[in-house]
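S.K.: My questions will all concern the structure given below.
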Amino acid sequence: KIIVEKDPVRTSFEKWAQPGHFSKTLAKGPNTTTWIWNLHADAHDFDSHTNDLEDISRKIFSAHFGQLSIIFIWLSGMYFHGARFSNYEAWLSDPTHIKPSAQVVWPIVGQEILNGDVGGGFQGIQITSGFFQLWRASGITNELQLYCTAIGALIFAGLMLFAGWFHYHKAAPKLAWFQDVESMLNHHLAGLLGLGSLGWAGHQVHVSLPINQLLDSGVDPREIPLPHEFILNRDLLAQLYPSFSEGLTPFFNLEWSKYSDFLTFRGGLNPVTGGLWLTDTAHHHIAIAVLFLIAGHMYRTNWGIGHSIKEILEAHKGPFTGEGHRGLFEILTSSWHAQLAVNLAMLGSLTIIVAHHMYAMPPYPYLATDYGTQLSLFTHHMWIGGFLVVGAAAHAAIFMVRDYDPSTQYNNLLDRVIRHRDAIISHLNWVCIFLGFHSFGLYIHNDTMSALGRPQDMFSDTAIQLQPIFAQWIQNTHALAPSLTAPNATASTSLTWGGGDLVSVGGRVALLPIPLGTADFLVHHIHAFTIHVTVLILLKGVLFARSSRLIPDKANLGFRFPCDGPGRGGTCQVSAWDHVFLGLFWMYNSISVVIFHFSWKMQSDVWGSINEQGVISHITGGNFAQSATTINGWLRDFLWAQASQVIQSYGSSLSAYGLLFLGAHFVWAFSLMFLFSGRGYWQELIESILWAHNKLKVAPAIQPRALSIVQGRAVGVAH
């Protein structure tokens, strides 16, 4: 059955050229400056353009193609910079002494000071994106390949742009297609994840592995055969991996162990590059592909066999859960906000897990010894994960306000959660109070004892110990596990677990067992505190999005509103939007502590140089365990010790970071202006300025208005 509608919407440049064409009110044009804010707020709020779920679904689907085309353009730019402006080939020939750079600043008003010496006679800005390491792992050996990939990405960007137009204006899917979840699961699991992983595994085996094997052996990149030569000439591969000479025979004979020369199960890191064994990662991608190809055949479509999501959900009942998951299928196929909320929560958590794996199991060659890149990747993935998790709460709240129909959700799990929301929130609040007082209480105790000169009464590894015994037990079991579960593995999954192994590359520590002590125990409970407060704010926003004792008719006021009218004091900052706004601040809080912890811990206990005698000199000399047990220690030995280097960077090639540091604090202070000043103050000021303009007969046609309360908060939180 074909579920596509032909030519549903005319392509009209005249319509698109009119700002606000998606809304009757906005299309009339501006009366006041509020118009431009509403334009930004509603341009992508497809719910406000139409009530037709089919049209909304098509717009989202089309927008996804637009998003993909932007991603391809961005990627193309990265690869083009690598091809045109970088020292990639030099770095590839000597990655331990030459730093990655892909940007050379033009000599305008002395800015060329930013071009530091990155080694190999190249002057430029050191980059910390990890692209060089990724390219090496992919088997890219010269700049021509980067050019080709950049051009390929632009072609794909064009294709995506075309697809976005085509599937909205020429052949738009009907609503039934968007709601056919079993078919969608099969195709996404088997196609995207299954065949995607298999394709990547194929590239790794036929291109990446042989090229990296030769690079690791010290062969000049210019002498290594090109990718197509490995793909077309099996004998070339057989020289490196003998099992290639047997072709697919062992596969069909079930003698799979013959392939263990290029599909390994080693564990640990490659001592040459300090990255995971690429033969391990190729093996991993084949295993993942098999799993997802099977998963992509599990759901019932045309043949009457397999799982039905609706049946699974409706059968999901426990003795104390009433109607269980009945009604959730209808929610997830008719509310894209609900669907998005679940996906964002999952993807956000996964992104944070990725942040931790990037340093514990560094996947690319020479990544572990590039400390700036390690720090950047950790920070990047933590922030992205944080935004996605807050986004999950935002869309869950929008679902509650716009899409939730209480009459169809009686006594199922969602209804039951909403009915005992007071118990959930008050318990969560108690947990936050407990964690806050106890975690900070331990720090305050330590600061006081330190100030009174009583170090023997402090909580630290050298006085009253609070060892994280459960974390240490987990570390220990993981370090010992492979000897039982994977007897052929040479090391555990990550060197961080323990076991005494250390990998260093070019005299720099790649990774070693990370010791955990009292300082980690203390800061861990600060993490627990900040995360629980974030969850408290966000969950309260979702569970009270439709109604509360204070405002029983909140659902009628919408997702965002400043206050419940002038007649009711004390009802400001209660909208679901405001909870997202406040939750964002606590998310920022949480992530700051995490990044501080990671940054100092790694510099103190992991990163550093190692001499011929095997003596390690850590960057901050192992001061974390003693200093991180007091607030004063954090301020003096981490924040000031590190920030002062940035502040004193003027006049050196690092000065951009000093200026960014200054600028970031300026932006932060600027945000407070929007958060702490009332709307009326600005309106009064504007009217006074307007009076002067009128006096001189230069009054604007569009009447200036102060930002609304919600707009001011949006600007504040963004800055």
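Note: Cβ is positioned from N, Cα and C throughout, glycine not excepted.
Sharing the feature lines straight out of Swiss-Prot:
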type: BINDING; residues: Cys563, Cys572; note: [4Fe-4S] cluster binding site
type: BINDING; residues: His665; note: chlorophyll a' binding site
type: BINDING; residues: Met673, Tyr681; note: chlorophyll a binding site
type: BINDING; residues: Trp682; note: phylloquinone binding site
type: TRANSMEM; residues: 60-83; note: transmembrane segment
type: TRANSMEM; residues: 146-169; note: transmembrane segment
type: TRANSMEM; residues: 185-209; note: transmembrane segment
type: TRANSMEM; residues: 281-299; note: transmembrane segment
type: TRANSMEM; residues: 336-359; note: transmembrane segment
type: TRANSMEM; residues: 375-401; note: transmembrane segment
type: TRANSMEM; residues: 423-445; note: transmembrane segment
type: TRANSMEM; residues: 521-539; note: transmembrane segment
type: TRANSMEM; residues: 579-600; note: transmembrane segment
type: TRANSMEM; residues: 654-676; note: transmembrane segment
type: TRANSMEM; residues: 714-719; note: transmembrane segment
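Looking at the shown structure, what environment does each listed feature sit in?
M.R.: Sequence-distant contacts (6 or more apart, same chain, Cβ under 8 Å) of Cys572 ([4Fe-4S] cluster binding site) comprise Pro562, Cys563, Ile709.
Packing around His665 (chlorophyll a' binding site) is summarised by its Cβ count: 10 other Cβ atoms lie within 10 angstroms of its Cβ, all protein chains included. When secondary structure is read from DSSP and collapsed to three states, His665 (chlorophyll a' binding site) falls in the helix class.
When other Cβ atoms within 10 Å of the Cβ of Tyr681 (chlorophyll a binding site) are tallied across all protein chains shown, the result is 10.
In this view, Trp682 (phylloquinone binding site) is surrounded by 17 other Cβ atoms within 10 Å of its Cβ, with every protein chain counted.
Counting same-chain residues at least six beyond the ends of the transmembrane segment (146-169), those with a Cβ under 8 angstroms from any Cβ of the stretch are 7-11, 58-59, 61-66, 68-70, 72-73, 75-77, 79-80, 82-84, 88, 135, 140.
Sequence-distant neighbours of the transmembrane segment (185-209) (same chain, 6+ residues past either end, Cβ-Cβ under 8 Å): 137-139, 227, 230-231, 237, 240-241, 262-263, 278-279, 281-282, 285-286, 288-289, 291-293, 295-299, 301, 309.
Nonlocal intrachain contacts for the transmembrane segment (336-359), taken as residues 6+ away from its ends with a CB within less than 8 angstroms of a stretch CB, comprise 56-57, 60, 367-368, 374, 377-378, 380-382, 384-389, 391-396, 398-399, 402-403, 511, 598, 602.
Sequence-distant contacts of the transmembrane segment (521-539) (same chain, at least 6 residues past either end, Cβ-Cβ under 8 Å): 389-390, 393, 424-425, 428-429, 431-432, 435-436, 438-440, 442-443, 446, 459, 466-468, 471, 579-580, 582-583, 586-587, 589-590, 593-594, 597, 628-629.
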S.K.: Pick the one among the binding-site residues Cys563, Met673 whose Cβ has the fewest other Cβ atoms within 10 Å in this structure.
M.R.: Met673
S.K.: Can you tell me which recorded stretch out of 60-83, 375-401, 654-676, 714-719 has the most Cβ pairs within less than 8 Å of the transmembrane segment (579-600)?
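M.R.: Most Cβ pairs under 8 Å with the transmembrane segment (579-600) come from 375-401.
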S.K.: What does DSSP assign Met673 (chlorophyll a binding site), in three states?
M.R.: helix
S.K.: Rounded to a whole number, how many Å is the Cα of Met673 (chlorophyll a binding site) away from the Cα of Trp682 (phylloquinone binding site)?
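M.R.: The Cα atom of Met673 (chlorophyll a binding site) is 11 Å away from the Cα atom of Trp682 (phylloquinone binding site).
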